[in-house]
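> Below is a structure I'd like to ask you about.
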Amino acid sequence: MTLLIDGKKISAAVVEQLAIDTKTFIAEFGVTPGLAVVLVGDDPASQVYVRNKVKQATAAGFHSTEHRLPADTGQEELNALVEQLNNDPSVHGILVQLPLPEQLNEPEIIRLIAAEKDVDGFHPLNVGALASGMAELIPCTPMGCMIMLEKTLGDLSGKHAVVVGRSNIVGKPMAALLLQANCTVTVVHSRSAEIEAICRQADILVAAVGRPEMIRGSWIKPGATVIDVGINAVEKDGKRRLVGDVAFGEASEVAGAISPVPGGVGPMTIACLMKNTLTAARQQVSA
Ligand code: NDP
């Protein structure tokens, strides 16, 4: 029987523990962890993500603020807001929702966010810390995937993990975390040859491609654990639906365990953002 890796359930447990840790933190230091979320423009998907993040932060007992800027915001204006948040002692975590509108320079913003407040884990200092196994602030989606994998499999040592996708947000940090957990890691991307055959060797398959249902059941080794990061909106039977990068129906006939979309990695990502915010607050009060 294939095990469904229930991201809603696992993330609820993470958030529950976090609410307890937050209470203890507030009692100990007299400081409420603060998360500032910045949204530029009116992309509907980003609006939903930001709303969920702010809601979850409040539920975790954080002080949370939302900063909405119009789609035509200039670089200087956004830089000024980030600098203001960098200097605000009540803000411990800053998240600028990506992607940004075209006129804005994303790398410049990522570098401008104070590394100790970078709860997305995208600042070059945090990326370097992750690569050398010293990270405190780890990108939220891969962190969520690791929690799901460890919950499902326990020790990951010696397993062959294949990561499909090499983005800075998911694929690369995912590979770094799996390596740190003593997996043998293969990363494939759009220029890789024989992706299908490589996927078929995976004990752990993480799909972060952004292509609806690209990974078929026949690409999966029987009994493998499959984590589907993809979130793709498609039209099916005249209705808009969300599907992953894995063909769920076929894959769940072969895999030993699989995460669904929705209800898999998505809720884990938000829970891990909250974990990072508390970590950031803890580091800042004890600095
Ligand atoms: P990117 O578009 O930044 O990266 C996609 C990666 O997939 C690239 O490395 C690309 O290769 C690779 N790729 C594209 N096409 C193919 C192909 N045909 N064969 C093999 N590799 C391919 O996406 P993200 O990493 O940001 O996101 C991936 C998916 O995860 C998206 O669906 C996104 O919506 C979702 N997502 C979900 C989150 C969640 O919370 N659940 C959070 C973040 C993302 P190359 O580098 O060569 O171009």
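Just so you know, glycine gets a Cβ as well, placed from its N, Cα and C.
TrEMBL annotations: computationally assigned, not manually curated.
From TrEMBL, here are the annotated features:
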| type | residues | note |
| --- | --- | --- |
| DOMAIN | 5-120 | domain 'Tetrahydrofolate dehydrogenase/cyclohydrolase catalytic' |
| DOMAIN | 139-284 | domain 'Tetrahydrofolate dehydrogenase/cyclohydrolase NAD(P)-binding' |
| BINDING | Gly165, Arg166, Ser167, Ile231 | NADP(+) binding site |
> Quick one: DSSP breakdown of the domain 'Tetrahydrofolate dehydrogenase/cyclohydrolase catalytic' (5-120) into helix, strand and coil?
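Per DSSP, the residues of the domain 'Tetrahydrofolate dehydrogenase/cyclohydrolase catalytic' (5-120) fall into 61 helix, 19 strand, 36 coil.
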> Show which residues of the chain containing Arg166 (NADP(+) binding site), separated from it by at least 6 in sequence, have their CB under 8 Å from its CB.
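Those within reach of Arg166 (NADP(+) binding site), by Cβ under 8 Å and sequence separation of 6 or more, are Lys172, Ala175, Val187, His189.
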> Comparing the binding-site residues Gly165, Ser167, Ile231, which residue's C-beta has the most other C-beta atoms within 10 angstroms in this structure?
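For the binding-site residues Gly165, Ser167, Ile231, the Cβ with the most other Cβ atoms within 10 Å is Gly165.
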> NADP(+) site residues Gly165, Arg166, Ser167, Ile231: biggest Cα-Cα distance, Å?
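For the residues that bind NADP(+), the greatest Cα distance is 16 Å.
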> Which whole-number mean pLDDT does the model give the domain 'Tetrahydrofolate dehydrogenase/cyclohydrolase NAD(P)-binding' (139-284)?
97
